[in-house]
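Participant: Have a look at this one.
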Amino acid sequence: MAALPLATAEVCDANAHLIMNGELRALQPIFQIYGRRQVFAGPIVTLKVYEDNVLVREFLEEKGHGRVLVVDGGGSLRCAILGGNPVQQAQNNGWAGIVVNGCIRDVDEINGCDIGVRALNSHPMKANKKGIGEKHVPVTIAGTRICDGEWLYADTDGILISRTELTV
């Protein structure tokens, strides 16, 4: 089920207590904005890979149910771990968004999809296909520890991670 997208700046202003106790965290502003959906939110599914996209594709072939896939690609800038075909599948399968601590490719195709995508940058080289990685594990991206089942809220101001679903 898709979460109600919230304005991240307003969420921060209204929830100083959650920021102070660590229940609400902002990712460092290192991500580029891709995809047609600039504002998205949902429960998080985590994945840790390095220059390998087999598990990324497997996740996005599943029904998304309004979730957000958060992929810790180790910050690699040497190849893309997400491309246009899996993003189209994610859109069709009901994923709200994908956040990649790494690179993507097929940017024009991704920008045509009705899904939110954040990544460090684009790169024309494709990833390995060995299927190595860890699913549903805590990851640390952009200075923030992110756990499976937490909530992500993204808009053009930034990305917030919350331990629980937020309401207006």
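Using N, Cα and C of the backbone, Cβ positions are placed for all residues, glycine too.
Below are the features I grabbed from TrEMBL:
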{"type": "BINDING", "residues": "Gly83, Gly84, Asn85, Pro86, Arg105", "note": "substrate binding site"}
{"type": "BINDING", "residues": "Asp106", "note": "Mg(2+) binding site"}
Participant: Counting only residues 6+ apart in the same chain, whose Cβ is under 8 Å from the Cβ of Pro86 (substrate binding site)?
Facilitator: Asn53, Val56, Arg57, Leu60, Glu61
Participant: Which chain neighbours of the substrate site, leaving out Gly83, Gly84, Asn85, Pro86, Arg105, have a Cβ atom within 8 Å of the mean position of the site's Cβ atoms?
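Facilitator: Neighbours within 8 Å of the Cβ centroid, excluding Gly83, Gly84, Asn85, Pro86, Arg105: Ala80, Leu82, Val87, Gln88, Ile104, Asp106, Glu109, Ile110.
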Participant: Enter the number of other CB atoms within 10 angstroms of the CB of Arg105 (substrate binding site).
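Facilitator: A count of 19.
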Participant: Rounded to a whole number, what is the top Cα to Cα distance in Å among the residues the record ties to substrate, namely Gly83, Gly84, Asn85, Pro86, Arg105?
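Facilitator: Spelled out: the longest distance between any two Cα atoms in Gly83, Gly84, Asn85, Pro86, Arg105 is 11 Å.
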Participant: Rank the binding-site residues Gly83, Gly84 by how many other Cβ atoms lie within 10 Å of each Cβ and give me the one with the fewest.
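Facilitator: Sparsest of the binding-site residues Gly83, Gly84 by Cβ contacts within 10 Å: Gly84.
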Participant: Once the chains shown are all counted, how many other Cβ atoms turn up within 10 Å of the Cβ of Asn85 (substrate binding site)?
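Facilitator: Step by step: centre on the Cβ of Asn85 (substrate binding site), count other Cβ atoms within 10 Å, giving 13.
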